[in-house]
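This report refers to the structure that appears directly beneath it.
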Amino acid sequence: MSKPRATAIGFVAILLWALLALFTVGSAPTPPLLLNAICFTIGGTLGAAWVAVNGGFAALRDVPWKIYAFGALGLFGYHVLYFSALRLAPAAEAGLIAYLWPLLIVLFSGLLPGERLRGGHLLGAALGFVGAGLIVTGGGAGFRTEYLPGYGLALLCALTWSSYSVLSRRFSAVPTSSVTIYCLIAAVASWGLHFAVEDTIWPATTIAWMSALGLGLGPVGLAFFVWDVGVKKGDIQMLGTISYATPLLSTLVLVVTGFAALSWNLAAAAGLITLAAVSAAMASRAQAAKT
């Protein structure tokens, strides 16, 4: 598979994650860990069906258990840390810190064999972070010491997803179908933690169930499979930079569906994130021309 094609496949994950907020709002009042469990179960089950149709279970038996542990911890750990951070700190500040992961992907990717950071990648990542910050915080975040535990968990959240994404590239020989096992393990862990710490409140309406199904099929399902292809075989620095389009696209979806209003923050963020993508694309093109 060519690098541009793998990058395009990885970008599908960003488009799917743009639906995360809409479907999460629609699934209320289902508690987060239960919603996590439902979604990972759907994603893992569909993944297992895909593997069965393609006869890929034999290849999965050859994958070391440490790889499965790594993948499951990446998916499960990110979501648990994110939900916990939002409970211990205001959503705007915690969300901004958690959204350091695209910048960290760009920085960490420079440690990978055969990868080199260029100034355009760093500029793009910085512009993207500022643009995402305008959306997540509404231009008015304020950090307070009493929320330090939540800020710390949000930082761990960013480190978890960026590390998972970058280290996945080192395991490029591991088939993408292994994400099926990651999802199933994460589902079991989510069910267990849900029953331990949450009250069980199932989706109460057809819309809520359809939203949960949509999450399991897309943002918390297919997205992990296409992201795996992108970070293993695509332009990981480009993907890291354009990941900042996620909060922009997510907000646009909420505007179109009537859950949010247009604002100057949105327009400014759109401009910054567009500049970020252009900067990263030019850097990647210059790098490709020299190889």
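Heads up, the Cβ atoms here are built off N, Cα and C, so glycines get one too.
Automatic prediction, not curation, is the source of TrEMBL annotations.
In TrEMBL this protein carries:
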| type | residues | note |
| --- | --- | --- |
| DOMAIN | 10-136 | domain 'EamA' |
| TRANSMEM | 37-60 | transmembrane segment |
| TRANSMEM | 67-85 | transmembrane segment |
| TRANSMEM | 91-110 | transmembrane segment |
| TRANSMEM | 122-142 | transmembrane segment |
| TRANSMEM | 148-167 | transmembrane segment |
| DOMAIN | 149-278 | domain 'EamA' |
| TRANSMEM | 179-197 | transmembrane segment |
| TRANSMEM | 209-227 | transmembrane segment |
| TRANSMEM | 239-260 | transmembrane segment |
| TRANSMEM | 266-283 | transmembrane segment |
Interface check, the transmembrane segment (91-110) with the transmembrane segment (209-227), three or more C-beta pairs under 8 A: no
Distant-in-sequence neighbours of the transmembrane segment (67-85), which means Cβ under 8 A and at least six residues beyond its ends: 32-33, 36, 40, 94, 97-98, 150-151, 153-154, 156-157, 160-161, 163-164, 167-168, 171, 174, 178-179, 181-183, 185-186, 189-190, 193, 224
Contacting positions for the transmembrane segment (239-260) when only residues 6+ beyond its ends and CB under 8 Å are counted: 7, 10-11, 14-15, 17-22, 25, 99, 101-106, 109, 121, 124-125, 128-129, 131-132, 135-136, 162, 165, 230-231, 266, 269-270, 273, 276-277, 279-280
Residue numbers, six or more beyond the limits of the transmembrane segment (179-197), whose CB comes under 8 Å of its CB atoms: 31, 33-34, 36-37, 40-41, 43-45, 47-48, 50-51, 60, 63, 68, 71-72, 74-76, 79-80, 221, 224-225, 228
Surrounding residues of the transmembrane segment (209-227) on its own chain - C-beta under 8 Å, 6+ positions past either end: 9-10, 12-13, 16-17, 19-20, 22-27, 30, 35-36, 38-43, 46-47, 75, 165, 176, 179, 182-183, 203
